[in-house]
Structure formats: structure tokens, C-alpha cells
Amino acid sequence: MGSKRDKLIYGPEDVPPWYMCILLGTQHFLTCLGSTVAIPLVLAPAFCLGDDAKSNLAKSYLMSTLFVGSGICTFIQATFGNRLPILQGGTFSFLGPTFALMAIPAFSCDNKKLVQYATNNGGIQIITFDETWKRRVREVQGAIISASLVEFFIGLTGLIGVLLSFITPLTIAPVIALVGLSLFQPAADMSASCWPISIITIGFMVLFSQYLREVKTPVPYFKIKERKFEVKKLPVFKVFPVLLALIISWGLCGILTAAANGNSPGMENFSNYSHFWYQARTDTKTQVIDDAPWFRFVYPFQWGWPTFSVAGFVGLLSGVFAGMLESIGDYYAAADISEVPPPPVHAINRGIMMEGLACIIDGILGSGNGTTTYSENISTLSITRCASRRMIQTAALILFILGFFGKFTAFFVTLPNPVIGGVYFVMFGLIVGVGISNLKHVNLSSSRNVFIFGFSLFSGIALKYWSEKPETKISTGSANGDQILSVLLSTAPFIGGLFAIILDNTIPGTRKERGLDAWAQKGEAEDLQDIPGMETYDIPWLRRITNLSFMKYVPISPAFKGGSNDWTRKVCPCTQQVDDDEITEKIQSTDL
């Protein structure tokens, strides 16, 4: 590890100069900007928010809340959680369950543009526009808070080890793939508003992220100590593909809008509201910048007290589990890039616990979404060779501060719909690819594995399609039961994951065939507390109490001596796999 460590400019324990912290933190902020901006815009239709002035202002409020929440969540994860240099932001895993929850009849958007009247105890209650969308956000808030309490408890008690005894790469692959596949509708709808601009945006993102990813661009920078400018070649296209594509496509739309306003020949369609080119204009949403305040304080329960329902809890719980699985994989990736040992079990427990707490904070603030680890920022660690914890804490501070500037977040709401749709196409498609990439650990020559993955993926899509058909009516005799089944059947990742877990744990298969041997290698460092770099996962100001004898039984303590294998043997011995090579060969020889 020593030879690798020399290549790292800043390790997790290093503290760069303050100006480097700001520069590197800003870079991480810009890297996550595309995903952070996209999530509130994806959620807008579920909250009955259109493209009118009031709706756009509401979108900017949700976006600013997500910025503030992401800043808080990143700081507590890097400081008190697994202490790896990772950035927390909005999670796409919650989008599918949120859409499913908002699709039940109680949250229909049929009359969202009118003042609605509801009879309540013989009286008349006027539901204004603000109450229309805030009522939906409050329902999602309650679902996120209640479901995230389970994640917090799982991390606090170390139960993640029990869950991992049932979860393999073969069960994760369809879950994450279905997270992306469930979002094809907003991507298609946004892109269809003006396909030429969407295709251009997609083209730029593919060009930058794939074809030009290894091309290094000369970037001038000032060396403070030597007081001189130098030019260094950096992989700009690899670090900022989303941001660059957004800027260029947005700029192109701005040029076309200016040409249309100048009555240039051939630009008549840009002023025709019914023509698709009108959707490419950059001045159709600018009213939101005027309406948004310069400074807006984000505070807990700003939309009112959350509402709680069993359907919301169960639905969002599926998103919580998907987010947990994704984050654990990111922990190992961040540790590898930071050139520290794989995270021990106590660090994983603490990371999951803090992620649960972070989602609870997001729910309390009312962002309409939760939080997870951003994989694109882990890639930035690899490119810059800077993995300082202080750098990520600075990025958290930047996110937190900018979230209070209303006009800053309102500016991103003015993005033309086709540009957003183009970004969705690439980002959601990438999520599908990331999910399928988990199959690299399993034996795809096995008919068993091919069946489990294909059937789980197909079932998730098919049941979601069936449950959302207008003629489909679920009747269990209980209103709560109807809502729960409706939400679950409309959540493709839950259905796909459920089938994958059942089939993978009941159909006979070897450890190597299921990909468990590849995963087991990640946990080899659990008991190697004395090797260099393990101090990264310790919390310095808790070292005094970690020496107490009882702390070895606390799953989130650095002194914790247990592990996921211990939990598995004690709680669920039936899931242990046979490792005898002779038996394995016999099983493989009978595979049809």
C-alpha cells in the first residue's frame, strides 16, 4: 500500500490549505450539481407542479431544501459516520416509491389548477394551490422519516450483517436496474417536448463522458507559494460531463431564443406556443428568478407537520433498502480510491446509521427526497487524487450555504425541458447499467443465474405496468391494505428485488456461482484493526470511551469485535453455505 499511497496528493487524514479546500470542495459541488438539480425537477409532476410561475417557484424551494439537506448530511457522514471522503446527495432510489405513493387516488392531480373544495365534518375547506402540493410533500416526508428510522436502527444494531446474508450481487442487480428503468417516463416526456435539443444534449453527454473521457485539457492555475501561473492538463471532460453538456445545450437554447426575439428569418416557430421549438426557449420560466427571494431560510417542517401512512412507510422502505445496498458498494469503492483498508464492520454500521439519520433530516426539512452516496463524486476522488475529509466537509459547507440563496436555485429551474430530458436519458440509463454491472461477480454461464435475473427484472416491469392500468382495481376489503398493495406493486425495484431474494436463496447454487466468494474478499479486513490506514474509520474524540470493556459489544464502536458473519451464524445459521470443494464439483457436474 505504501507505493500507492505516494501517488495520493491528499489522504483522508490530510488537511490541505484552506484555499485548496475551497477549490477542491467547489469541484465536488459542481460534480454533484447535475444530479442534485435533476431530482426536484423529476419529482415536480408527482407533487402536481407544472410549468406555471407558482409551480416553478415551488420547485426552487424544493431544490434549495435539497441543497441544504445534502450539505448537512454530507458533513455528518464524513465527520461522524464512516468518515470516508464521500458526498451525500439526493437519491434516485426514492423516486419510484414516491411516484407510486403519489399515484393513489387520494393524491390525484386532476384539479390542481383550480381552487378545490373538500367537505370536512359538514363544512367547506378551501384547498389553495400551495396546500395542493405541500399536502403531497408532507405525505412523502412522513414516509421518508418513518422508513429511514428502520435504516437508522439497522445501522445502530449491526443488523446489516443479517440482511447481507440474504443479499447477493444477483439480488442487487435487478433492484438497481429497475430503479433506472422505472424512470423512463419522465425522461421520455421531457425529451419529447423538443427532440432535436434533447438529442443534442444526449450527444454532448455521450461525447464528453465516453469518447473524450481520456482527453486532457490544458487548464491554467496559480501556484501561490511560487507566485506564478502554470498550465496543467486535466481530464475536464471526465470530471464534468453533465455540467458541460448542460452549459452548452443551455447556451445553444439561449442563442436560438435571442435569434427568435430578434425576428430572425426562419425562427417563427420559436414564438409559436403550440410548436415543439417553443419548449427550447430559455425565457419561458425566467419569472421564477424575479419571484424568488434573494435569501430564504430553510427550516424544519416548513411545509407543515408530516403525515404518516402505512402505505407510505412500506413503499419508501423498499427505496431505503435499495439505497443501503448502493451505498455499501460505494463505501468499498471510496476506500479503495482513498488507499485505505476496506471499511470494517463498525464503519459500515455507522455509515448506514448516519445515512438513516441523514434521510430523517431530509424528511424533517421537506426536500421530498432522501440521501445516498454520490458515485460520480467517488470518480472525482480517483481523478484528482485528492481524498481529504476536510475537502468534503468544505463541499458540504458550500452546499449548505448556497441552499439559502433563493435566486441561485431558481436559476436552475429555468432549464429548458428538452435539456433536462436529455440529461435524464443518460443519467437514468447509467443507473440501469450500474445495476447490471453487479452481475460481473456471478457466473452468467449458469442457467440458474440467468433465469433469476431475467425473471426478476421482467416481473418488476410487468407488475408495475399491470397495477397502473386504469381498469386494475385492488380490493382487499381494507383501505389501508389496498393502498399498501397498490404502492408495492407499482414499485418495480421492490417487486424485482423480492423475487430475486426469494429465488436466489431457495434455488440451489454454489457460493462462487452466486458471487458470494467475490464479495467475501471485501470483508477480509474486518479483524485487521492494526494495519496502516484503519485509523481513518476511528472517531478521535471517542477514543477514550472505546477502551471501555462494554464498547466491544456496540456495533458502531471502533472496538466492536463482531462482524456480519457472527450475526449470520447466530441469527440465521440456515443461510450458511457449504465450502467443500468436492461437494461443489458434484453440484456443478449436475447443472443442466
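Glycine is treated like the rest: Cβ placed from N, Cα and C.
The shown structure was predicted, so the numbers you read here are calculated from the model rather than taken from an experiment.
Look at TrEMBL and you will find 28-49 (among others) tagged as transmembrane segment. Listed as Cβ neighbours of the transmembrane segment (28-49) (distance under 8 Å, sequence separation of 6 or more from its ends, same chain) are residues 55-56, 58-59, 62-63, 66-67, 70, 87, 89-92, 95, 98-99, 102, 109, 112, 132-133, 136-137, 183, 186, 239-240, 242-243, 246, 367-369, 374, 376-377, 380, 391-392, 395, 398-399, 402, 412-413, 415, 420, 423-424, 427.
Annotated transmembrane segment per TrEMBL: 61-80 (among others), in sequence order.
Beyond its flanks by at least six residues, the transmembrane segment (86-107) meets 28, 31-32, 35-36, 39-40, 42-43, 46-47, 66, 70, 73-74, 77-78, 135-136, 139-140, 143-144, 178-180, 182-183, 311-312, 315-316, 318-320, 322-323, 326, 330-331, 334, 355, 358, 367-374, 377-378, 392, 395-396, 428, 431, 468, 483, 486-488, 490-494 of its own chain at Cβ-Cβ distances under 8 Å. Marked as transmembrane segment by TrEMBL: 86-107 (among others).
The transmembrane segment feature in TrEMBL is assigned to 152-183 (among others).
For 195-213 (among others), the entry in TrEMBL reads transmembrane segment. If you look at the transmembrane segment (195-213), the same-chain residues 6 or more away from its ends with a CB under 8 A from one of its CBs are 235, 237-238, 240-242, 244-246, 248-249, 252-253, 276, 279-280, 416, 418-419, 421-423, 425-426.
Feature annotation from TrEMBL assigns transmembrane segment to 234-260 (among others). For the transmembrane segment (234-260), the list of distant contacts is 27, 30-31, 33-35, 197, 200-201, 204-205, 207-209, 212-217, 219, 267, 270-271, 277, 280-283, 376, 379-380, 383-384, 415-416, 419, 422-423, 426-427: same-chain residues at least six beyond its ends, Cβ to Cβ under 8 Å.
Summarising the annotation, TrEMBL assigns transmembrane segment to 303-325 (among others).
Per TrEMBL, the feature transmembrane segment maps to 395-413 (among others).
Feature annotation from TrEMBL assigns transmembrane segment to 419-438 (among others).
Within the chain, the transmembrane segment (450-467) has long-range Cβ neighbours (under 8 A, six or more residues past its boundaries) at 170, 173-174, 177-178, 181-182, 439, 444, 474, 486, 489-497, 499-500, 503-504, 507. Residues or ranges marked as transmembrane segment by TrEMBL: 450-467 (among others).
Here the transmembrane segment (487-507) has long-range neighbours at 93, 96-97, 99-101, 103-104, 166-168, 170-171, 173-179, 181-182, 311-312, 314-315, 318-319, 321-322, 448, 451-453, 455-457, 459-461, 463-464, 466-468, 474, 514, 575, meaning same-chain residues at least 6 beyond its ends whose C-beta is under 8 angstroms from one of its own. What TrEMBL lists as transmembrane segment is 487-507 (among others).
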What stretch of 152-183, 303-325, 395-413, 419-438 shows the most Cβ pairs under 8 Å to the transmembrane segment (61-80)? 395-413
Are the transmembrane segment (152-183) and the transmembrane segment (395-413) close, by which I mean at least 3 Cβ pairs under 8 Å that are 6+ residues apart in sequence? no
Which residues, given as numbers and ranges, are at least 6 beyond the ends of the transmembrane segment (303-325) yet have a Cβ under 8 Å from it? 91, 93-98, 100-101, 104, 134-135, 137-148, 150-151, 154, 160, 163, 167, 172, 175-176, 179, 352, 355-356, 359, 363, 366, 370, 372, 480, 483-484, 486-488, 491, 493-494, 497
